[in-house]
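The feature transmembrane segment is assigned by TrEMBL to A:12-35, A:64-88, A:100-128, A:134-157, A:178-201, A:236-257. Summarising the annotation, TrEMBL assigns domain 'ABC transmembrane type-1' to A:65-257.
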Amino acid sequence: MARTVTRITRFNMTSLALGLAFLYLPIVILVIYSFNASRLVTVWGGWSLRWYHEFFNDAAMLEAAWMSLSVGTVSATLATLLGTLAAIGLARGERFRGRALFSGMLYSPLVMPEVISGLSLLLLFVALNAERGFWTVTIAHTTLTMCFVTVVVQSRLTSLDRSLEEAAMDLGCDPVRAFLFVTLPQIVPAIVAGWMLAFILSLDDVVIASFTTGPGSATLPIRIYSEVRLGVKPEINAICTLVIALIAVIIVVASFASKLSGARGESAAPL
Amino acid sequence: MRDVTLGEASAETVRPLSEAAALDMPLLRIEGVAKSFGNFRAVDRLSLDIRAGEFFALLGPSGCGKTTLLRMLAGFETPDEGRILLGGKDIAPVLPHERPVNMMFQNYALFPHLSVRDNIAFGLKRAGMARAEIATRVAELVALVKLEGMEKRKPDQLSGGQRQRVALARSLARRPQVLLLDEPLAALDKKLRESTQAELMELQRRLGMTFIIVTHDQEEAMTMADRIGVMDAGRLVQVAAPRNLYEAPASRWIAGFVGDINLFDGQVVSREHGRLTVSTSEAGPLAVSELWSPVTKEIVSVAIRPEKVKLSRRGPASDEGGSQAINRLDGVVIDVNYLGGVTTYKVKLESGAVVRSSMANTARLNVDAYLAGQRVVAWFTADDCLVLEQ
């Protein structure tokens, strides 16, 4: 087997360093300034945890953070449930009429500009005379993130060996049990990864949330956005650092989960 | 080879049940089964009886419908036409998980998230067997396929041969009436394949179970099976014991698919006392014995297997063919292939036709080896020739 050995040249190192700097320098600066003691964002006044302390005493900000976390959890769970069912229907269901149309429509939120999704959802909620708040944001985020779960789970399902399910049926499982005992354990990592993706997307979103939320139920990104418009407070840096830390943890866990699922996929493949 | 019986070697249909066989129904009866995928007819009105305890091989090139037939027996495909009777009962409405039939998959289809033990126990748990009983049965099976000490491993921690054994044990666990094996040895290397063939045969004999194996490897089918059904384009073209299939193929296609063969087209010019003379353009007049069924057509092919064509410098000694007529063909060796156990030769006749001969290398110092360019006599007896009607 010929294996290409990539040698680390000076050129490679430089381009790698520049690329990483481009991506991460702003974040690093934000993180460093979150520990700034000075009231002015751009002037370094020594190390301090003052702004973290400030954040944990800012009731409005904490409320927004709590709102974001609960919207994220509920909408990610709903999206995972619906998205997984859609993935199963698309990957395993009989070839029903309009299947292509259905899958195209399912993926439309992937390409639809968020402003349009947000506006149409707002119009819907107004038409239904629904009081805007926690549940409208949650429903909006579920529609936004469901298709991402479907993509992740469906790709795992189609890469799965169909003969595993047949083997389960051959050994006495009806189709439902074959799914529960054999297929489900194989796609759990994809489902977990899908949930985390949905959660992060919900946590990230400003546009759709600002259309569908109501007074007194701002999510964290909306709250931050409105604060920043009045001038950047160092407290924002602290909040952002915390959010970055949370997302970093989720990404590590999700990539670990998908690696686990990939390793399993290999052993299921024919020799 | 005069003791070879060839009654059942008729093509297209399965031989009619004899009086004795009619008393005990075949275990599995396939009646006029057909299956199409779109416009493609995968299995075309196929009928076949399989006896209890038989090791049956479905042999054919890829795309001939053998796997589709197997999948219909397992219940993964429903026949468009015809019936499948197991022990006299139609199993068409029976779902895969309720059939007393198990299948060993080509890629083994082991459950990657379960250990060896749990893979083997999977079918037993679904059958609602008691825990203690499952443990004993699994231990038996693990011993049977010689996987002691591997019970806790996951499939990806096993070698190809070990996975094959787990798949076998898993498919035997429910003690099916019929075990279906879909190319079970295709993923193994040659040495392992040969030893596994012997083990499968031993196992089948010991368990007295009916095995139906699908393979495209004629050697594998010949080694293991009691009977072989050759399939082509969705039809069974011949059902016969391995020796009959090889020595008396029903058609030119089968003769070429199962082993190697020399063919000479010609016309019957005389027949007396069970001996035909066929006039061929490529090899002149050939004497052929009419051993089993009378030849009815005039335009025929004379077929001779390479290992039955002998070479010599001056032709056969006078007593070599016994009382049989001997066909002698003069030619020049144009190609020599030393394969260890045998050497194959190509001999070009005066007509330009090429005859293949394969001779066993019985002596280490092979003084008799022929070289390319040498003039030789290729000879064979009338009994070794086969007449194939077009």
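In case you wondered, yes, glycine gets a Cβ from its N, Cα and C as well.
Between the transmembrane segment (A:12-35) and the listed ranges A:100-128, A:134-157, A:178-201, A:236-257, the one holding the most Cβ pairs under 8 Å is A:236-257. Long-range contacts of the transmembrane segment (A:64-88) within the same chain, counting only residues at least 6 positions beyond its ends with a Cβ under 8 Å from a Cβ of the stretch, are 106, 134, 137-139, 141-142, 145-150, 153-154, 157, 179, 187, 191, 194-196, 198-200, 202-203, 209, 217-223, 239. Packing against the transmembrane segment (A:134-157) from elsewhere in the chain are residues 67, 70-72, 74-76, 78-80, 82-84, 86-88, 90-92, 106-110, 114, 117-118, 121, 125, 183, 186-187, 189-191, 193-195, 197-198, 201-202, 205, 208-209, 211-214, 217, 219, 261, 265: each is 6 or more residues past its ends and has a CB under 8 Å from a CB in it. Nonlocal intrachain contacts for the transmembrane segment (A:100-128), taken as residues 6+ away from its ends with a CB within less than 8 angstroms of a stretch CB, comprise 86, 90, 136, 139-140, 143-144, 146-148, 150-151, 205, 207-208, 210-212.
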